[in-house]
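Below is one structure, written out as structure tokens; comments come after it.
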Amino acid sequence: MILGQLLQCSNLYEHLLQSQQNFAQLFAEFPCIAFDRQYLVYIVTNMSTAFLTAIAVILCILFRILNVNSQPLKPSVWCLDQQFLDTLYKIAPVLKEPYVPTRLWGFSGHMQTVLHSIIGRVKCPWPLGERVYLSLDDGSTLTYDLYQPIKEFEDDITLAICPGIGNSSESVYIRTFVHYAQCHGYRCAVLNHIGALGSVQVTATRIFTYGHTEDFADMIDNLHRKYPGTCIITVGFSLGGNLITKYLGEVQTRKPESVIGGISICQGYNAVEGTKCLLNWQNFRRLYLYIMTENMKSIILKHRQVLLSDESIQRHNLNEREIIAAATLPELDEAYTRRVHNFSTTQELYRWSSSENYFDNIDKPIIFINAKDDPLIPEFLLGPVKNFVVSHQQACYIEVAHGGHLGFYEGGFIYPNPVTWLDRTLIAMIGALFIVHTTPNKHKSGVSAQC
């Protein structure tokens, strides 16, 4: 297909080179060009066919990567519960509107993902909060950052936010969302994954993992004690989405009644199949996997005095050379994670960590959001969540055609808006979940619930 496009481009340039009149007709179609068209025609007609063909090749590849032929599309929504869906549409009309990515590069999932990982957000604020320290039973020191609402509203709602892999309250996309939520009257608590903050020392021989929800549960419990009258809505990004979904679906995990629902963004649902996909070079997934592996290794090595102490190495049968040499996450999990957390194999660790295995026990309203062009999450991994929401009440899955992995930039031609589509949509979703909680619901007792 690409070869055919290149041949077409080459033939087009050959045709255009036949006369300056052809070029003049071409540039007459673009009155927005401000410079001297006659001079441009003179330059182009004196270029060699080979040079123009090379330009055609570059343009074809660039246009294919940027996916510039795509058009804005409305999000696709899966939901069994019509009353729940009506509430979402009422409070979040953005779901009925096309998502308009940044025109030049926003239709490329790779560009959205890469720019998210490099710059996070544009004009990012730095919200002011307090850091809360918790000493856990295993000796770990857990921290979360607490941000009070900038505008006071009648309803007391706290967002319990779980960031992505290796991220924290200092991550740019988290800061942007927190500030936006504060401006809408929400209190925010952001979990700092153990080991992610360089300024907080690791005090036990472990860091965060894909499936351990205990840290998040401890933050929720502490919030419940601090603010017994608040309603808590869980919000998870990427790995954090897996954790909040698993938390809501775990039967043995304690959950205060003040937890009224959750929103998961860009998670993969199945760690077993997800890691298999990341090991392939298709869609550059192996490259993304390498970057994630290096980030995880850097966290371990940053705290090596505790995590790789002689006592820890002996207790968990670790080999520091194998950890350093690990080139993929499965290799790193084999050398470190599954040993520290007492799993016999990495497959056992991944099965236990996968949120889709806990769907059926979720008894709170929940919303899932994914982008179809997310390069980290192939489309077949999204099947189980679609099956779940069309067979359970008060569950909804929203799929956006574009947005990449946690990008969702919108507006502008090159420079996007400071607030993303995701930020706007999440605030609306939070309001919808609160309305669902406080409004009589025919699917439950019919009595208005209170936090």
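Cβ coordinates are placed from backbone N, Cα and C, and glycine is handled just like the others.
According to TrEMBL, the protein has these features:
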- 39-66: transmembrane segment (TRANSMEM)
- 159-411: domain 'AB hydrolase-1' (DOMAIN)
- S238: active site, charge relay system (ACT_SITE)
- D374: active site, charge relay system (ACT_SITE)
- H405: active site, charge relay system (ACT_SITE)
Cβ-Cβ distance under 8 Å to D374 (active site, charge relay system), same chain, at least six residues away: G109, T113, C266, G403, G404, H405
Local Cβ density at S238 (active site, charge relay system) - other Cβ atoms counted within 10 Å: 22
Mean predicted confidence [pLDDT] for the domain 'AB hydrolase-1' (159-411): 95
CB contacts for H405 (active site, charge relay system) [other CB atoms within 10 A, all chains]: 26
